[in-house]
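These notes are about the structure you will find just below.
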Amino acid sequence: MTSSQTPSVLPAADARKVMASPVLMLALVSAAAFALSGSFAKSLFDVGWSPGAAVAARIGGAAAVLLIPVTLTLVRNWAQVKGSIVRIAIYGVVPIALCQLFFFNAVQHLSVGVALLLEYLSPVLLVGWAWASTRLRPRLLTILGAACAMAGLVLVLDLAGNQKVSVEGILWGLAAAVCSAVYFIMSSRTGDNVPPILMAGGGMAVGALMIVGLGVVGVLPMVFTFNSPVFAGVQVHWLVPVLGLVLITTVFAYLVGIISTRGLGSKVASFVALFEVLFAVIWAWILLGELPLLIQLLGGVFIMLGVVMVRLDELRGSSKRGGSYAVDLQKPLAAEAPQP
């Protein structure tokens, strides 16, 4: 993993190599795969599935697929990782399980693109949290980026339009953003002693157990149906979106994300991961016939621009203070994968 403690700008030759690298294509493929989750899930919601059931199927199925390699990795590295079991559990509960649950709840009330844009406000939330907790004023570029993102949020919500956006959906989306912010906070405070496959697979197993447990005790509605959803304009078997959630948007996306991040470095990969929002809008348009309003698309551009400005400032400026005032937004957890 590339350390973010001494950030630097890539030389022009290295930048060209990165842009021409096959690994960059893998990173884009990973972002595109992650972006399918909202469309797969929404097709299930339309035939009666609850968000809790979709999350349980997604991460529970992925944990089952990864069970053998995760178990072998745990046994071989027990002495190294036994002190990180609590960290793996927290990662499974908050950034994996709760983040997906809140995002899927948002998708029930909002378009896939708008829901994901709300989740991607997490770096901006971290700016506010760091400012309040450290009493250190952010640098100018960070302030401008946060302002740009908040202006984009106003446009995405289309407050002056005739079509009212669901307040419940907004709250779920912002809750997902908080869980995503926890991901970055954890990554800034931990070492890299947990193998990626163990962090991802172990976290999924813990998250799935929590979601299923909440369903068993009746706290979380768990509604499964065997009705055939409509996907890409065609009525398909219910297993199609379920297997898509498990195999494409989770197992495949995480593993390809790990490979691409190791090839690109965590800083470059963190910017490529922003393409997930663009891919999510495109997939929802193609597969669900769902396209945000023009003003919402414009707001999405402002949000993404603001997030990029915040991340660029973090990358370029942390060395000037001997460490940044905020958490390191470019250093992912050991899972080295984009947001779920």
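Cβ atoms are placed via backbone N, Cα and C, with glycine included.
Helix, strand and coil residue tallies for the domain 'EamA' (24-157), in that order: 117 helix, 0 strand, 17 coil [DSSP]. The annotation domain 'EamA' is assigned in TrEMBL to 24-157 (among others).
Among the features that TrEMBL reports, transmembrane segment is placed at 51-72 (among others).
Marked as transmembrane segment by TrEMBL: 84-104 (among others).
Annotated transmembrane segment per TrEMBL: 110-132 (among others), in sequence order.
If one looks beyond the transmembrane segment (139-157) by at least 6 residues along the same chain, the residues whose Cβ comes under 8 Å of a Cβ in the stretch are 114, 117-118, 121, 124, 127-128, 165, 170, 292, 295-296, 298-310, 312-314, 317, 326. What TrEMBL records for 139-157 (among others) is transmembrane segment.
Across the domain 'EamA' (169-310), the DSSP tally of helix, strand and coil residues reads 105 helix, 4 strand, 33 coil. Sequence annotations record features per position, and here TrEMBL assigns domain 'EamA' to 169-310 (among others).
Marked as transmembrane segment by TrEMBL: 169-186 (among others). Long-range neighbours of the transmembrane segment (169-186) within the same chain, counting only residues 6 or more positions beyond its ends whose Cβ lies under 8 Å from a Cβ of the stretch, are 87, 90-91, 94-95, 98-100, 102-103, 105-106, 108-110, 114-115, 117-123, 125-126, 129, 157, 327-329, 332-333, 339.
Annotated transmembrane segment per TrEMBL: 198-224 (among others), in sequence order. Away from its own ends, the transmembrane segment (198-224) comes close to residues 48-50, 52-53, 55-57, 59-60, 62-63, 66-67, 69-70, 73-74, 77, 81, 88-89, 91-93, 95-98, 100-101, 250, 254, 258, 333-335, 337 of its chain (Cβ-Cβ under 8 Å, at least six residues beyond either end).
The transmembrane segment annotation in TrEMBL covers 236-256 (among others).
Among the features that TrEMBL reports, transmembrane segment is placed at 268-287 (among others).
The transmembrane segment annotation in TrEMBL covers 293-312 (among others).
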Handout entry: Distant-in-sequence neighbours of the transmembrane segment (51-72), which means Cβ under 8 A and at least six residues beyond its ends
Key = 37, 41, 44-45, 96-97, 100-101, 104-105, 107-108, 197-198, 200-202, 204-205, 207-208, 211-212, 214-215, 220-224, 242-243, 245-247, 249-251, 254
Practice task
Could you pull out which residues elsewhere in the chain have a CB under 8 Å from any CB of the transmembrane segment (236-256), counting only those six or more residues past its ends?
Solution key: 26, 29-30, 33-34, 36-37, 40-41, 43-44, 47, 54, 57-59, 61-62, 65-66, 200, 204, 225-230, 335, 337-338, 340
